[in-house]
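Quick look at what TrEMBL annotates:
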- His93: active site (ACT_SITE)
- Glu151: active site (ACT_SITE)
- His155: active site (ACT_SITE)
- 1-30: signal peptide (SIGNAL)
Amino acid sequence: MTFLPVHAIVNLRMLFLLIGACCILVGVNGGWDEEVGLLRRGGGGAGGGYQREFNYFKLSLQWPGTYCRRTRRCCSSNACCSRSNSPPVFTIHGLWTEYNDGTWPSCCSGKAFDEREISTLLEPLRKYWPSLSCGSPRSCHHRKGPFWAHEWEKHGTCAYPVVHDEYEFFLTTLNVYFKYNVTEVLFEAGYVPSDSEKYPLGGIISSIENAFHATPELTCSGDALEELRICFYKNFEPRDCARDTSALSRGSCPQYVSLPAHGSWEIRSSNTTAAS
């Protein structure tokens with residue numbers, strides 16, 4: 001009977017230990033690896049493996065008057081159907097983590113959204129971070145859920161080490177939203193909701209640049225302003241959203257854009273409720 005030499009047995013044992021360590025690492029549900037400085041994808045994240053730490057934040061705001069004019073049916077979760085005469089303001093779409101190369105991390109932790117964690121924030125979240133549709137976006141855990149669950153699981157979990165948990169993610173986003181009040185800046189510059197007026201896109205961009213010393217990113221639906229995004233360093237000081245600011249700031253928008261008034265979608269939603 002042939003026996004392996006002692007050094008070969010030791011080498012095999014080391015190999016088995018390394019394989020076992022790798023298996024344990026793959027089984028982790030996600031989080032931060034302090035030693036290598038990388039984010040681990042959660043169990044529901046596409047592709048698995050590591051994602052490097054993000055470079056900056058992007059606060060994406062949506063104009064309800066543009067989104068809600070596409071409303072065709074109403075439900076309890078769709079703020080477009082509210083009859084509460086809510087003020088015409090930009091509302092939050094999300095706080096996203098971004099890389100400088102134009103890509104982004106997603107689904108970085110296995111922890112699922114739990115509304116109980118943000119119970120003390122529900123009142124401002126419903127007002128300033130509402131869902132503007134009846135759809136249920138798919139989360140990182142392969143199930144459909146509320147708008148907030150999608151934003152936390154896809155983007156919030158990747159905000160470590162700046163943001164540490166679900167509550168901090170939503171509270172931080174609200175604080176940044178109130179500090180950098182886009183609606184107030186534009187209204188003071190004369191860019192107010194209207195179903196007849198059109199405003200120069202360059203003027204809107206300049207107003208944000210003068211207020212926050214950073215170039216925003218805008219997207220439109222037709223000639224209506226749909227989203228306005230402001231970017232931040234990790235200390236939440238404003239920065240340009242991309243290197244080629246002249247191209248990306250204008251996005252899909254024409255030279256003149258509108259800010260549809262809320263009244264138009266409030267009437268439309270009340271007329272479509274019965275048909276939904």
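Numbers run from 1 along the shown chain.
Cβ coordinates come from backbone N, Cα and C, glycine included.
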Integer Cα-Cα distance in angstrom, His155 (active site) to His93 (active site): 11
Surrounding CB atoms that lie within 10 Å of the CB of His155 (active site), all protein chains: 27
Separation of alpha carbons, Glu151 (active site) and His93 (active site) (Å): 8
Any same-chain residues 6+ apart from Glu151 (active site) with CB under 8 Å of its CB? Would you list them in sequence order, or say none? His93, Gly94, Leu95
